[in-house]
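Taking it in order: structure first as structure tokens, then the write-up.
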Ligand SMILES: CSC[C@H]1O[C@H](OP(=O)(O)O)[C@H](O)[C@@H]1O
């Protein structure tokens, strides 16, 4: 995909405003870290790896704008806390901020200009590594995409949700690039419509056949035998393989199990949270109900009626056929395999 979701340009962070896609390609030029935090909170940028990259660049931008090293550590911690407080579910955000903290403390006695460069470089490394990691996920998962099948995906786990290649859509890209021909069905994914607006846009640009359905149509197509495989992204994976992903994923996994359809999660190891044993411990973001009520600028709900908007749900590991990562495809029992692979270096 030609368009970059985010990039650093000399003391600014350029963020593609995904709320305006596919009609308009508009970049928000963030000059302050608070602006970067705002783009994560309001979902101008979204997708677990992408918000991790944004948080890292926000930290680098915050330090970049410091005029002196006065109260450096205290000001650095405030920058990190602002970005930490943006969204609670995607583990990549916290993983990226921890990496920036490690880099800061290993160079905090450098001169301020040197420290600024180190942090900018670390944020750009996180972006570049994400693209390389996504390509490995694609290579590891493409054998699962057989010629002639129909794949269902939910939300957007593509270039727009990452540094620019994609996890679930990275597997589809890699299969397509290797000559395998297949069809994709994309859930609209209300209310933000990541599937209808972003996944369909990405796949259309690559010439990969895609059909949009309402989120409630998936079960009917499965019952008719029209779906051969489901592949989705992830926001946080617990040590036992329980996976938090866009709301509606859990329903798809149950339906896939019922219809004996393989259900795969594609995610980098930076999405796996080894500090939590199972999915019950994953914090699930609750967003303002009014975000459900509006289609664009039009309110479609009766005034004053309540709305409940959980942005994610948790799929228990028993409903997941495999987790496609840069270190290989992890199959059940996930806990043991995740433990073994997490000790192995990325390219090991
Ligand atoms: C490649 S992970 C993308 C992951 O993030 C999305 O959530 P959101 O759009 O709210 O950031 C969704 O859960 C995707 O699967």
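Yeah, the Cβs are placed from backbone N, Cα and C, and that goes for glycine too.
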Stretch carrying transmembrane segment according to TrEMBL (options 21-42, 43-64): 43-64
Residue in 87, 99, 143 which TrEMBL records at the substrate site where 46, 47, 48, 194, 245, 246 also bind: 87
Residues that sit under 8 angstroms from residue 46 (substrate binding site) by C-beta distance, when 6+ apart in the chain: 18, 40, 161, 192, 194
Per-residue Cβ crowding (10 Å cut-off), top of binding-site residues 87, 246: 246
Residue 235 (active site, proton donor): nearby recorded positions from 87, 155, 245, Cα cut-off 10 Å: 245
Cα-Cα distance linking residue 155 (site 'Transition state stabilizer') and residue 87 (substrate binding site), given in Å to the nearest integer: 17
Neighbours of residue 155 (site 'Transition state stabilizer') among the binding-site residues 48, 245, 246 (Cα to Cα, within 10 Å): 245, 246
Residues flanking the substrate site, with Cβ no more than 8 Å from the Cβ centroid of 46, 47, 48, 87, 194, 245, 246 and excluding those residues themselves: 51, 90, 155, 156, 157, 161, 233, 235, 311, 312
